[in-house]
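Among the features that TrEMBL reports, transmembrane segment is placed at 54-72, 147-167, 188-209, 215-234, 246-262, 274-291.
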């Protein structure tokens, strides 16, 4: 009773309901789509997501698409010309899933969402902040304080999985004739592994990813670009433009670089942040400029001559 009669509620996320303009009921968990304000009253989430929130959702939406493309390329190899169609299908699946997810999220039927602002890391892990006012009974106030950034990603992954199972097997069966029966479905099997992993990643590390994703994008895009250029033995601009596929990979990495830079700067001050995008081609240009000095065969031959 002490909790119910107190003017404010214990804990960070417990609140009381507002009914017909008056605060009523005991302290407890706020309904979905609401969170406790400073006065410990459950308040409806009516704000629009910030640019950073949309960039985070974009990053989480890109993860399955990039993994789809990687495994399609990995298992198609040079035997099949169906890789391009599978790439397009994967993009179609993820795009449709994103649109449907936005449409079923409040406000239903619109390509927009209403949200609560993320204030601190603990907002993602409200289950760890259930108070115990009398040190005997725990007051359970676990809720989605970052509504809907936590659950919308899980809903999107569910739609991606369903659409993949509906569309991809029929497509692969018809067009992947160059592959063996056991190989043609391997990219789909890979997705059945990585979707549960992505779901657990969002469920456990969603808050950490929210703050770290710009740096993850920059580091991974730099590393994968360096690995690709090294594996493809690109040491000059001539090697780079020799194949269209290499240019596609290069521009894709540049887009990721730009995405990471925008996410870090948040474009708060356009006149200061936009010039940073000029750094996007830097890593590729640096690699090409220094590749001839780090060629292993050259280093070995010079070492041999030295002896």
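A Cβ is built for glycine as well, from the same backbone N, Cα and C atoms used for every other residue.
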Chain residues outside the transmembrane segment (188-209) and at least six past its termini with a C-beta under 8 angstroms from it: 56, 59-60, 63-64, 67-68, 71, 74-75, 121, 123-125, 146, 149-150, 153-154, 157, 160-161, 164-165, 168-169, 172, 216
Same-chain residue ranges lying at least 6 outside the transmembrane segment (274-291) that approach it to Cβ under 8 Å: 222, 225-226, 229, 234-237, 240, 250, 253-254, 257-258, 261-262, 265, 267
Long-range Cβ neighbours of the transmembrane segment (147-167) (under 8 Å; 6 or more residues past either end): 32-35, 45, 49, 53, 56-57, 60-61, 64, 68, 89-90, 92-94, 96-98, 100-101, 104-106, 113, 115-116, 118, 124, 188, 191, 195, 198-199, 202-203, 206, 210
Spatial neighbours of the transmembrane segment (215-234) far in sequence, C-beta under 8 Å, 6+ residues away: 59, 209, 240, 246, 249-250, 253, 256-257, 259-261, 263-264, 283-284, 287-288, 291
